[in-house]
Structure formats: C-alpha cells, structure tokens
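Peer 1: The structure under discussion is supplied below as structure tokens; questions concerning it will follow.
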Amino acid sequence: MHITSFEMEGIGEMKVDVEASEEQKRRKTEVAKSREVLVEDAPHSRLLYSLEDIPPWYTCLALGIQHFLMMVESTVSIPYLLTPVMCMVATDPARGAIASTIIFVSGVVTLLQTTFGVRLPIVQGGTHGFLSPILAILALMPCPPENEILELDLDDRRDLWQSRMQQVQGAICVASLFQVVIGFTGVVGILLRWITPLVIVPTITLIGFSLFQVAANKASSHWGISALTVGLLILFSQYLGNVALPWFSYSRGRGFTRTKVFVFKLFPVILAVALSWGLCWLLTYLEVLPEDSHARTDLRTNMLYEAPWFRLPYPCQWGMPSVSVAGVMGVLAGVVASVVESIGDYYACARLSEAPAPPKHAINRGIWMEGIGCVLAGLFGTGSGTTSYSQNVGAIGVTKVGSRRVVQYSAAVMLVCGVVGKVGALFITVPEPIIGGIFIVVFGMITAVGISNVQYVDLNSSRNLFVLGFSLFFGLALPMWMQKPENSAIIKTSLPILDQVLSVLLRTSMFVGGFLGFFLDNTIPGTEEERGLVKWKAMLEKKQTGNEESVVDTSCYDLPFGMERIRKWGWTRFVPVLPTFAGWKAITRKYSLSPSKCSKI
C-alpha cells in the first residue's frame, strides 16, 4: 500500500507580504476555475476536491471512469482463474456472464460502502484473498479431461461447472456472515488486539505466493507476449510515471490552456494491455502465430458475438448455493485477511482525503457493509467476495481528488458495464499470455503488500525472524505436499466432514501461514515494541487528546440522512454501526456502580 504525504505550503516563511497574499489568492481562484483534475500541475499541492466536495458532473464522470479502469483488470482476472478449474471450457459464453456479474456486484457494493458504509471514497472489487481457499475447495472436485467435456451436450456441460460454482457460492455466503457479525456487533477492535504485523505478513504474502503457479501457466502459453506485457507495465508504471505529455484544455474563464497530463502514471495497465493486444491482433492478421496459439485474438471471438447486449445479473442465477463445512472454514481465513487489509485501507484513504481518522462506528459500519457485499457476491455467483482496493486509494494521491461523489460515479459506471454483456465478454477475449503477464505483476504486488508490514517489527530480534520465517516456509511446504494426488486422502479421522475441513484448510497456504503466525506471535514472549505493536497502533489509531474523540469533527462519517432523529433516540448509542455509538468501554463505565453509590448503600 503506497501512501502519499502532502506537504504544507508556506511553512517557514515569517514575512507576510501583501503582494504574495494577492498572488496566492489569484492562484487559488485559478485552481478553483480549472476543473481539469486529471492534470497534476503541482505534485505537492493540496486537494482540489476534498471528501464532501461535489465536482461538476463531467469531472466526476471522467474520474469515475478512471477508477473503473484501475480496478477492472484485477476484478475480471478472478473469472480467468476460477472458470478453468470449474470445468468450464475457454469458449463458454458464461465466462463473460460471470465477468459482467462481478463488475455489477462491485458497483452495487461500492455504492453501498460510499453512501451508507464507511463513507470514504473507497472502491470495492473482487478479492484475491478468497482465491486460495476456493481453489483448494475445487481441488476436491477434479475436472474430467477437456476432450470429455467437449463431448458433453450443453446441458451436461452447464451442470458440470454450475455444481462447482454452487459449492463456492455457499462457502462465500456463510463465511461472510462472520464479517457481517463482527462489523455490526463492533468486535473488530477486540479482534485487532491479536492480529499483529507478524500475523498479517504471512497471511497476505502467501496469497501471492500460492498463485505463482497460476500466473506461470498463463504466461507460459506464449512467453514472448507475456514478457512484452510485463516489460510495458514496468516501463509505464516505474520508469515513465513522472513523464508528462502535453495536453490542451478549455475553460470558459481562461479559454484554451496548455497543460501536462501524467498518462503513464494514470493508465499503465490499460496502455500495456492495449499495446500487447494490438500486437497479438497484428500477428494473428499476418498469420505469424500458429492456429492453436493462445496468443491469437480470434480464438474466442465467438463469445463476443454470442454474448447478449444487455443482461441483468440476479441472485442464484447459477442455481441454489450448497454449503459444506470444509468450504466455509477455508473461506473464513480469506474473510479475516480481508477485514485486516480493509481497516488499513480506511486509515490510508482518510489520510489521503484529508479527512479525520475514521471513528469506531465508521470502521464497524465499513466492515459490516463489506460483509454484506461478500454475501451479495456469493448469492450472485461471482466466484469471489469483495474488498477495498488499495490501488484506487492511491489514485487519490495522484489526482488530488478525494471526493466521495467521484467514487459514486465510478460505481454507476460499474453498474452500466455489468449490465452490458458485451463488455464482460470483451475482457474475456484478451489473449491468455497477456493475462499471464498482468498476473505476474499484480500477484507480485499482492505479495509485496504483505511483506511491507515487516516495517513495524524489530527485524534484529531472533524471535521475530523465527516466527516470520517458519510461518512463511511451512505455509508453503505443507499445502504443496497436501496438493499432491497421492496425498489427497491422507487425512482419515473416521469423520468425513472433519476430513474435508482439515483437507481444505491444510491445502490453503494463507490459512496455514496465518494460523502459525497468529499462534506463535501471541504465545512466544516478546515486548510490544519488539513485536511491532507500538508502531502498528500508532499507524492505526488516531492521535487523541485524552480519551475524547469529540475534539475532532467527524461529521463527514455521519449517515446521509436521518441524523437528527438518530441523535434523539437514546438507544442508538448502543448500536455499534450508528454515529451515536459511544463505545463499549464508555457504556460499561457509565452503567457501572460508582464508589459514591457504594457508600450510600
């Protein structure tokens, strides 16, 4: 997670000059008139639009599309990963329907989160944290050979993959209820006491490590195209990120003006995919690529033609979800990891939006709403849950726009693109080696986000090195051994349900590594500073004067309507997701028996 800091202007200047003051006012007026917020003229300037500002509709639309473009590749990559393991052939039009569904649900959850949830400009999208346990669930139901699948009729082929999707749906729906409960009851803060940096590092890092084989399989379909995609991504995002291209903008006040746009910083993934896709089309047109090459652009064009123009996703569209204890327990590990990651995103987004740190009720409501979003994702059959996207949080630091309304426009764009079936099918037709190149970079970033949390712990401590190294190594070794075919039935406890639960959990790297980190870090003696809890709490908790949170104006986290009535009702201070929530400690302290009352008895 990259957090951009804002530098204050004018610090250290002791003289107050009238002309300088007038110049500053003139510059602020010009900034207010100029609505070209995609242009970054002053990298260290403050926000052009803060959390509760409402830019013009065309500015909101442009920035909303940008947020959509930044999240769509990561979100649509989930159907790419899951559908082959669900025994769905590459030419099945249902792959496009699943992609459209996950885009649509992401739009619904983003709208709910920004309006009624944490109320920060946070984009919600498909989470890769569920992939590892879901792949472990699907590994218990191996697919027949592809030639046998192709010999089946359409109904049998549909039943083959839908039965597996229903298993995934049930696991996501039930496991996500845990997130709903801990958010609504306000126990998130209690759980955070035991979720430390040495728990987060192996949990998130092993998400990326466990998916390297998938990325390698996709990229190996044509290493040349994959290497080109990776090279372009590195070139645009790392080397050309600070290169600005000239652009002309128009406003009524100033007419045509020449500005600079950091295109490579804003759209590195889209540019890399477009160029690689264009090269694949050219090589296909010139018949340079063999007919069976996965880099050809005409392999799945039938999906684009067969996909409907308009298709409205609905709950249980692939059938009623089926629940297994093993699947629920496996996905539960992904839910916990998603909760921890989202809390970090909330504080980072508030800092970039120049909003006060989110109070407890806002965090509770955000986790609660994400849990509801995961339940919706399971019911609609997206193959995954939803979570906050760190890359979109970082976009606030680039565009200097922290407006909540912009992300709500982005949610509207997702809803439209999710209903138009051709859009989902278009993303499915991207050649596999291009997707493999994207996976290498995206999964590498997921791994790096997990590793970055070691900055809080003392790496000179042999205790911490043992916990970290053992959790990561054993979290890779045991699942790799469990996934071998000869070890598929190695666990025999005489209870079939328990066998399935243990098999799924021990195949999931994220669970094994996270559980070991959780157990070892909370049982092996160590100081809070050594374990990184001092720095971790300083990052998560806002600095307060005493115990009073009323010093800071947190009205931006209030609900959009009904606040007057909520404040009149006394019982609302007991509801953890309402802005009037006083906190369990404050409530307990108020209703406990005071010494003065004891003396009167």
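Note: Cβ is positioned from N, Cα and C throughout, glycine not excepted.
Note that TrEMBL annotation is computational and uncurated.
If you look up TrEMBL, you'll see 94-116, 168-192, 198-216, 223-241, 261-286, 406-428, 434-453, 465-482, 502-520 marked as transmembrane segment.
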Peer 1: For the transmembrane segment (94-116), give me same-chain residues lying six or more residues beyond its boundaries with a C-beta closer than 8 angstroms to one of its C-beta atoms, as numbers and ranges.
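Peer 2: Residues 71-72, 75-76, 78-79, 83, 88, 122-126, 158, 161, 303-304, 307, 311, 313, 317, 365-366, 369-370, 372-373, 376-377, 380-384, 386, 388, 404, 407-408, 410-415, 417-421, 423-428, 559-560.
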Peer 1: Report, as numbers and ranges, which residues of the same chain sit near the transmembrane segment (465-482): CB under 8 Å and 6 or more residues beyond its ends.
Peer 2: 136, 198, 201-202, 205-206, 209-210, 454, 457, 459, 490, 503, 506-510, 512-514, 516-517, 520-521, 524
Peer 1: Any chance you could find the range in 406-428, 434-453, 502-520 with the most Cβ pairs under 8 Å to the transmembrane segment (198-216)?
Peer 2: 434-453
